[in-house]
Amino acid sequence: MASSQLDRQRSRSAKMNRALTAAEWWRLGLMFAVIVALHLVGWLTVTLLVEPARLSLGGKAFGIGVGLTAYTLGLRHAFDADHIAAIDNTTRKLMSDGHRPLAVGFFFSLGHSTVVFGLAVMLVTGLKAIVGPVENDSSTLHHYTGLIGTSISGAFLYLIGILNVIVLVGIVRVFAHLRRGDYDEAELEQQLDNRGLLIRFLGRFTKSLTKSWHMYPVGFLFGLGFDTATEIALLVLAGTSAAAGLPWYAILCLPVLFAAGMCLLDTIDGSFMNFAYGWAFSSPVRKIYYNITVTGLSVAVALLIGSVELLGLIANQLGWQGPFWDWLGGLDLNTVGFVVVAMFALTWAIALLVWHYGRVEERWTPAPDRTT
């Protein structure tokens, strides 16, 4: 039993650490082809159609500058802390299940961008009734979409945080047994794989996230807050004339550019974390060492950002005021997102340095049984 478990684990590790297959290269190529297409459609529309038309919005030129603003908003929003936490933690979960999820960030950002694009399409098709509510922070539409989006985002991050807490406790227990020499390699692998407590509580949800594309609806739900949609809509609707005089292609190029920027960086983030975790899953000792560090960081990030979102939502709904609540409400999640990305990259780099110079694998790998 233990031998077959170890054989399955070695097969899984070999699968994750081998070179990309032709099918995986094909999927990566399709992802980046979509990203390139978004860039081409967005920028060619701006440069070849919008800019030569000399359109104006609120007395100001509507051209490359506005397109660059939309693109920059997409790049910036890719570093939102909730994006980083959701993508990186889901990558961990799928890799621990034996998958190689190359497109988690890609599908998450596509789902998020769909909300923005859908709003723009409604504007183009004449549903001007949503213009005022989307522009107005105190409107009922803005209120309830923000409530729904933030609640889903915070709850998802807490769910991911709980998942990682349970995983972390199990890994620490395995590590303690390893240091005492109580288990051989096969038993250690069995302990790492027997993390079924989470399934008892969150089985349906965790089982549903088995493919990278499952992050598309998650990204869509995250986008229901209309925070980013409002940024794009305000670009189009600013001024008293709103979007009344603009052609459809001028309006739709903005969410396309927004999606291009966000998809690019979210895809790079997901791919980077995929290969970083791939190194960690190649042997039992690496899994223990790396996962204690990174899972602890994942727990901290998910629970921190989830707490900020949910506490801010509760304080806003209940009208709580004071120095702490004012500080909490003023936190910039974009800045936090950049910090989170740096923390993940730095943790990976430090883990590799300590691994190399501390001879961790040599010191922690159980000695082979010499009686057989």
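Placement of Cβ uses the backbone N, Cα and C atoms for every residue, glycine included.
Features as listed in Swiss-Prot:
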type	residues	note
TRANSMEM	30-50	transmembrane segment
TRANSMEM	55-75	transmembrane segment
TRANSMEM	104-124	transmembrane segment
TRANSMEM	152-172	transmembrane segment
TRANSMEM	218-238	transmembrane segment
TRANSMEM	245-265	transmembrane segment
TRANSMEM	294-314	transmembrane segment
TRANSMEM	335-355	transmembrane segment
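Between the transmembrane segment (294-314) and the stretches 30-50, 104-124, 152-172, 245-265, it is 152-172 that has the most C-beta pairs under 8 angstroms. If one looks beyond the transmembrane segment (30-50) by at least 6 residues along the same chain, the residues whose Cβ comes under 8 Å of a Cβ in the stretch are 62-64, 67, 71, 102-103, 106, 249-250, 252-253, 256-257, 259-260, 263-264, 267.
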